[in-house]
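Copied over from TrEMBL:
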- A:88-303: domain 'ABC transmembrane type-1' (DOMAIN)
- A:33-55: transmembrane segment (TRANSMEM)
- A:91-113: transmembrane segment (TRANSMEM)
- A:125-145: transmembrane segment (TRANSMEM)
- A:174-199: transmembrane segment (TRANSMEM)
- A:220-245: transmembrane segment (TRANSMEM)
- A:280-303: transmembrane segment (TRANSMEM)
Amino acid sequence: MTQSPPLSEPTRAVRKVHKPSLGDRLAEQIPRLVVSPTMLIAVVFIYGFMIWTVVLSFSTSRILPRYEFIGWQNYQRLFGNERWMVALTNLGIYGVLFVVICLAIGLLLAILLDQKIRAEGFLRTVYLYPMALSFIVTGTVWKWLLNPSVGIQRFGRELGFENFRFDWLVSSDMSIYTVVIAAVWQSSGFVMALFLAGLRGVDDSIIKAAQIDGASRITVYTRIIIPSLRPVFFSAIIMLAHIAIKSFDLALALTGGGPGYSSDLPAIFMYQFSFTRGQMGVGAASAVIMLMGVMAILIPYLYSELRVKKDDR
Amino acid sequence: MTVKHSNRRYSEITGRAVLYAILIIVAIYYLIPLVIMISTSFRDMNDIRFGHLIDLPSSFSFEAWRMAWSEVQIGARRQLGLRPYFINSLLITIPAVTISVILGAVNGYVLSFWRFKGSNIFFALLLFGCFLPFQAILLPQATVLGKIGLSGTIPGLVLTHVVYGVAFTTLFYRNYYVSLPGELVKAAQLDGAGFWRIFWRIILPLSTPITVVAVIWQFTQIWNDFLFGVAFSSPQSQPVTVGLNNMVNSSTGEVRYNVDMAGAIIAALPTLAVYVIAGKYFVRGLTAGSVKG
């Protein structure tokens, strides 16, 4: 199927006698014509713009793009900026916790749901619905729940625990962890769905053989089933890491990056420097660093995916 | 032997009980924010100020909903409430979903049945678009939208969503079509059917399942978008996510949580409805991008 499909016999016979008519030649080009808008999109809007952003990151652009080049100065300014370093550290904390907790909860829930549970469909629906919400909605709700004076802290105190404290939202040391809480609430159900699909695909005969050999249920899981879910782990980590790097709306709605800039993330930093602070060059540099981060995660993934596919054939 | 047997049954039953208990507690954890959101939206402010976080409401009114929908002042806008933002979201989402899904379908059709030299490379290049962090294209896109006069307009947002959504829709359709037998198309060709005729008569009628997935995916992505909505809009074209965020963060004076919660539900209602009605396809869309196939 790598070449264009063969023309039907009559057409070929005609072509031997006459030159191909304009209509025929046009017909052959239809597939290319059809995908050409998308090709244009890919070349211009994806790759062209990525390069354009790289170019801007070496320029003196501030409020408007300007094409005088100043080498690595924007990057120096970026990494000399304490706020950017806080944003990067936060992304590290948030990214690692978000991925690890989502994986743990997702895997555990999937295993529990896979025990021939009644009302499995209903529970699955409940675990997964937050994924349908906008991060802005999630942020708005959790902002209220985590607000010490009206939310969970007050609820705890009203229950009689007068010293109950849960004021992470307004504490500059802890605010980034509230983003983790809300993000895990939103996305862990999705990881559950991934793992559940993976569990349903595990070969039953291997499990039965192990059980006949006297392996306990826990051994079956730790030795056979979980290792066989490796590809699911892999794709889940990619998806989650990607969500984490792009995280913008959730933190903005929940903490606004604050108190101060204590829960700032690179995506917020990029947006504010580019669009509200008139530091386009530095903003572009931060976007390039984010792009590098995604590529560092993605290229090994795509490489292994493509290699596996070739081996299959 | 019988004693042992009944012991085993006993422990199995407790095991099941613990299992169900855990599952139900977790379900409550996921549900609580939604329940609180809904119950709060029907309470009045006095009730919220003096009542508990989780409590049967002592008051019941649609006041907060009416406020959020059409009365609350958001920013400096003349029209009140979330309604104009909601309408903007519809005006952005419907054309953007339609166009990106159609493009994805014909792209997938070409990439599966009419491959040409370089079509695989094209597909691989496009795939990266699914993972592109949009921050990396934000500044050029803003410049280009300004140059073509679409800056801050709804058509500009539609264009942006189509451009950065088509990678996903193409991926969906392509992966679905390659699983169809290629003989379908070859046989039709021998009968003299052309490119479009085969698409209309043979491929499109088989495409309902993947179209549902693609439409749901695009709908939730575009409706829930905030980044493009905030970067490329003017006050007249902002989508409901931006409206909600402005409403929550710009209200002066006392924070009216009931109005905030009603607003959050209004912004979430369309995607929640889609999820409840077509949850199966929603999950398939979510997992299609990550698990192969």
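Using N, Cα and C of the backbone, Cβ positions are placed for all residues, glycine too.
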Chain residues in Cβ proximity to the transmembrane segment (A:174-199) (below 8 Å; excluding those fewer than six residues from its ends, i.e. six or more beyond):
90, 93-94, 97-98, 101-103, 105-107, 109-111, 113-114, 124, 127-131, 133, 135, 138-139, 142, 146, 167-168, 225, 229, 231-232, 235-236, 239-240, 243-244, 247, 250-251, 254-255, 258-259, 262-263, 265
Restricting to CB pairs under 8 Å, which listed stretch, A:91-113, A:125-145, A:220-245, A:280-303, is in contact most with the transmembrane segment (A:33-55)?
A:280-303
Could you tell me what the rest of the chain brings near the transmembrane segment (A:220-245), counting residues at least six beyond its ends with Cβ under 8 Å?
91, 94-95, 98-99, 102-103, 106-107, 111, 183, 187, 190-191, 194-195, 197-199, 202-203, 206-207, 210-211, 266-267, 290, 293-294, 297-298, 301, 304
